[in-house]
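S.K.: Sending over a structure as structure tokens; questions will come in a sec.
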Amino acid sequence: MERPGSNGSCSGCRLEGGPAARAASGLAAVLIVTIVVDVLGNALVILSVLRNKKLRNAGNIFVVSLSVADLVVAVYPYPLILSAIFHNGWTMGNIHCQISGFLMGLSVIGSIFNITAIAINRYCYICHSLRYDKLFNLKNTCCYICLTWTLTVVAIVPNFFVGSLQYDPRIYSCTFAQTVSTSYTITVVVVHFIVPLSIVTFCYLRIWILVIQVKHRVRQDCKQKIRAADIRNFLTMFVVFVLFAVCWGPLNFIGLAVSINPSKVQPHIPEWLFVLSYFMAYFNSCLNAVIYGLLNQNFRKEYKRILLMLRTPRLLFIDVSKGGTEGLKSKPSPAVTNNNQAEIHL
């Protein structure tokens with residue numbers, strides 16, 4: 001799905017080469033910031049959901065799953081990329097190269113599949129509210145999470161058979177080489193990027209249409225209201241989707257163009273654009289936790305509590321929330337009728 005061409009395989013030898021020293025320093029700085037924010041931010045997300053009953057609902061199980069996908073790259077592939085930058089080449093051997101490439105793909109495909117699952121969850125919650133509690137009870141939600149990750153693993157395993165996980169010195173990464181097989185690369189981009197984004201777009205368009213319809217009905221009879229907080233909660237996950245598309249779109253479309261006609265297209269793509277598209281994609285893994293903190297009041301308050309309690313670590317695992325749902329039960333679904341208010345929760 002994710003990666004344009006690569007310059008060669010890693011067979012255990014030292015592979016050198018890459019951008020100039022100044023550019024490499026900039027890439028290292030971006031990656032260090034990404035790793036720090038990724039680890040701290042997504043740890044805050046997971047702790048927030050574990051600690052606060054108000055955040056424990058079916059929708060946020062997918063948010064935690066998305067955070068896990070973002071954490072995967074920060075704890076293994078990104079540090080290896082940093083090492084390659086500092087050594088001006090890959091020195092960790094073929095096994096680490098293959099594992100790094102696999103985990104990178106697992107994280108990216110896991111992210112887009114979880115974003116798709118979140119969109120479907122929001123769509124069912126808003127547009128099919130009467131059936132939401134049955135569709136997204138705890139048991140079903142856990143099954144959906146397992147299905148999401150199973151599909152993710154199935155999607156990435158073929159890379160080993162195609163031989164597409166290779167080291168690319170331009171980006172100091174072991175990654176998916178789009179030029180190995182044109183048909184496979186096109187399939188990967190379509191199935192792992194275009195189709196999920198199309199599903200997400202459909203779900204959010206349907207939600208927007210319903211919200212607009214409810215607003216118009218409010219103006220007509222003055223009996224309904226959609227709270228600003230409800231709209232912000234929906235917008236949080238919409239912004240997560242938009243940022244993912246913006247960060248990963250250039251890399252996918254460059255890779256798709258290169259795979260269709262490598263000899264004609266690849267020479268016309270500047271190396272700086274290729275490298276920039278990659279590190280834009282890498283940077284995306286640290287953004288989601290920041291978005292939750294900026295746009296969702298419950299997450300923001302819990303972030304503050306956790307940060308203030310770092311002086312007393314034992315308090316981190318004490319549930320301080322009051323009210324809300326018990327355990328991980330689904331919240332009551334809103335009925336969107338002429339006499340009911342549309343509730344939109346994260």
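Using the three backbone atoms N, Cα and C, a Cβ is placed for every residue, glycine included.
So Swiss-Prot lists the following for this protein:
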- Cys97-Cys174: disulfide bond (DISULFID)
- Asn7: N-linked glycosylation site (CARBOHYD)
- 1-26: topological domain 'Extracellular' (TOPO_DOM)
- 48-60: topological domain 'Cytoplasmic' (TOPO_DOM)
- 82-99: topological domain 'Extracellular' (TOPO_DOM)
- 121-139: topological domain 'Cytoplasmic' (TOPO_DOM)
- 161-184: topological domain 'Extracellular' (TOPO_DOM)
- 206-237: topological domain 'Cytoplasmic' (TOPO_DOM)
- 259-271: topological domain 'Extracellular' (TOPO_DOM)
- 293-346: topological domain 'Cytoplasmic' (TOPO_DOM)
- 27-47: transmembrane segment (TRANSMEM)
- 61-81: transmembrane segment (TRANSMEM)
- 100-120: transmembrane segment (TRANSMEM)
- 140-160: transmembrane segment (TRANSMEM)
- 185-205: transmembrane segment (TRANSMEM)
- 238-258: transmembrane segment (TRANSMEM)
- 272-292: transmembrane segment (TRANSMEM)
S.K.: Quick one: among the disulfide-bonded residues Cys97, Cys174, which has the most Cβ atoms sitting within 10 Å of its own Cβ?
M.R.: Cys174
S.K.: Quick one: find which recorded stretch in 61-81, 100-120, 272-292 has the most Cβ pairs under 8 Å with the transmembrane segment (140-160).
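M.R.: The stretch with the most close Cβ contacts to the transmembrane segment (140-160) is 100-120.
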S.K.: Are there residues at least 6 beyond the ends of the transmembrane segment (61-81) whose Cβ is under 8 Å from a Cβ of it, and what are they?
M.R.: 31, 34-35, 38-39, 42-43, 45-46, 49, 92, 96, 99-101, 103-104, 106-108, 110-111, 114-115, 117-118, 121, 141-142, 144-145, 148-149, 171-174, 240, 282, 285-286, 288-289, 292, 328, 346
S.K.: When secondary structure is assigned with DSSP, how many helix, strand and coil residues does the topological domain 'Extracellular' (161-184) contain?
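M.R.: Residue counts for the topological domain 'Extracellular' (161-184) by secondary structure: 5 helix, 8 strand, 11 coil.
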S.K.: Over the topological domain 'Extracellular' (161-184), work out the mean pLDDT and round it to an integer.
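M.R.: Average per-residue pLDDT within the topological domain 'Extracellular' (161-184): 84.
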